[in-house]
Amino acid sequence: MGNIVAIVGRPNVGKSTFFNRLIQRREAIVDSVSGVTRDRHYGKSDWNGQKFSLIDTGGYVKGSDDIFEAEIDKQVELAIDEADAIIFMVDVESGVTPMDEEVANLLRKVKKPVLLAVNKVDNNKRLENAVEFYSLGLGEYFPIASTNGSGTGDLLDALVEALPETEAEEETELPRFAVVGRPNAGKSSFINALIGEERYIVTDIAGTTRDSMDTRYNRFGFEFNLVDTAGIRRKSKVKENLEFYSVMRSVRAIENCDVCLLVLDATRGFDGQVQNIFWLAHRNHKGIVILVNKWDLVDKETNTLKDYEAMIRREIEPFTDVPIVFISVLTKQRVFKAIETAVKVFENRSRKIKTRQLNDIMLPIIEKNPPPAYKGKYVKIKFCTQLPTPHPQFAFFCNLPQYVRDPYKRFIENKLRKEFDFQGVPVTIYFRKK
Ligand code: GDP
Ligand code: GDP
């Protein structure tokens with residue numbers, strides 16, 4: 001279960017600088033609203049071994065203060081709704097501004113941890129000046145300098161201390177599904193078609209450490225949890241900024257699920273935003289089922305379905321081993337098939353292959369197709385094993401792991417997929433020294 005930390009604050013206080021310092025891997029979330037492509041900053045970080053995702057919600061409002069003013073409530077509201085903790089960044093150079101006060105007013109009411117970071121504290125004079133930020137009524141603040149990192153350690157100590165407990169991802173018996181996709185793809189309709197009637201709800205398990213919710217259902221003879229459907233109900237409240245809202249919701253839902261049901265609108269295709277969500281799920285090692293919805297709206301000729309499927313597979317290369325189900329929520333077409341497929345992907349993701357069986361099958365394949373010599377070196381793979389992680393990862397032990405090239409890794413991955421069925425599941429392969 002990943003925690004999400006949002007950074008809020010006016011433009012130019014140093015949010016991006018701070019963000020870039022912290023993240024190890026940037027996840028490009030780019031979305032296009034009315035033709036403008038904006039970069040939403042999102043990435044993974046970890047401090048003292050505790051992992052979290054960091055979102056710079058202000059990444060998208062560059063420009064003058066009055067533009068920002070119109071956006072501020074929305075930005076903070078998003079953070080309040082979707083994050084587990086909030087870092088509110090202010091700038092000692094400019095001192096307390098009216099907008100800082102406005103943000104502070106919103107944040108004072110929040111039940112989640114709020115950390116006030118006073119940035120650009122580069123010298124002792126500024127350290128003294130920082131005192132004025134007590135007036136925001138948010139209590140203790142953290143003087144930092146994002147450009148050189150000073151003070152950020154204390155801030156991060158306090159942050160991970162304040163974050164809700166996260167259990168390491170557990171192997172649950174019940175699949176956790178997240179229904180994700182662009183606004184208007186038909187996610188709510190899908191969920192309603194699936195579970196609309198209260199009688200399918202088994203229990204409501206309110207998250208104990210957070211306000212998200214897993215709801216347990218029994219439908220078509222399958223038991224499963226739907227992750228964070230509460231957010232979908234809340235959606236109607238947010239009329240503008242829907243796209244960004246859906247991105248943040250996707251991030252959250254994806255981090256907390258086993259399998260993503262990626263719903264797309266057949267009439268809109270597999271566009272950039274859908275791509276983003278797809279690769280987000282992939283990088284988080286989640287199972288994926290692609291549901292092409294509104295299939296009722298598409299004029300069909302002999303090869304329409306085949307062509308459509310081929311188009312999607314081109315878009316998701318090289319991770320093409322993903323089930324694609326054509327559905328219509330409106331006409332209730334293949335909704336059962338969608339869930340059945342998601343359950344299958346969950347099983348694939350949970351599959352544990354005994355070391356003996358793995359070696360019996362893989363070693364002869366490797367012997368027949370050894371890694372090609374590289375720089376005159378021959379790689380000898382001696383042994384392989386599946387790692388005891390919630391998602392499939394394999395270690396291949398050999399003499400010269402550094403000489404195994406990507407094409408060979410792909411070859412091994414494809415063989416694993418063929419022999420053991422990991423459809424819909426990202427598989428990680430490591431070569432290690434024996
Ligand atoms: P954002 O709009 O809040 O994301 O702000 P940026 O990260 O783009 O930073 C705005 C400006 O403040 C840039 O010119 C940064 O170099 C500068 N800046 C950021 N952090 C510090 C700092 O710790 N000290 C000083 N002196 N300048 C900083
Ligand atoms: P969400 O924003 O992804 O939750 O999308 P909604 O479930 O609110 O659906 C958006 C619109 O698409 C609504 O007007 C639905 O009635 C319509 N819709 C959903 N599924 C289908 C479908 O399979 N076929 C057609 N024709 N329309 C659909």
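Positions of Cβ are set from backbone N, Cα and C atoms, glycine also.
According to DSSP, Thr57 (GTP 1 binding site) sits within a helical segment. Residues or ranges marked as GTP 1 binding site in TrEMBL: 9-16, 56-60, 119-122.
The feature GTP 2 binding site is assigned by TrEMBL to 181-188, 228-232, 293-296. Of all Cβ atoms in the shown protein chains, 22 besides its own fall within 10 Å of the Cβ of Trp295 (GTP 2 binding site). Secondary structure at Trp295 (GTP 2 binding site), as computed by DSSP, is helix.
Look at TrEMBL and you will find 3-167 (among others) tagged as domain 'EngA-type G'. Confidence in the domain 'EngA-type G' (3-167), given as mean pLDDT, stands at 82.
Under the heading domain 'EngA-type G', TrEMBL lists 175-350 (among others).
Not one of the binding-site residues listed as Thr57, Val121, Gly181, Trp295 brings a Cβ under 6 Å of any atom of ligand 1.
Proximity of the binding-site residues Thr57, Val121, Asn184, Trp295 to ligand 2, judged by a Cβ distance under 6 angstroms to any of its atoms, singles out Asn184 in sequence order.
Under DSSP, Asn12 (GTP 1 binding site) is assigned to coil, being neither helix nor strand in the three-state scheme. When the neighbouring Cβ atoms lying within 10 Å are counted for each of the binding-site residues (Asn12, Thr57, Asn184), the highest count belongs to Thr57. Using a 10 angstroms CA-CA radius around Lys15 (GTP 1 binding site), none of the binding-site residues in Gly181, Asn184, Trp295 qualify.
According to DSSP, Asn184 (GTP 2 binding site) sits in a coil region rather than a helix or strand.
Cα-Cα distance from Asn184 (GTP 2 binding site) to Thr57 (GTP 1 binding site): 23 Å (rounded to the nearest whole number).
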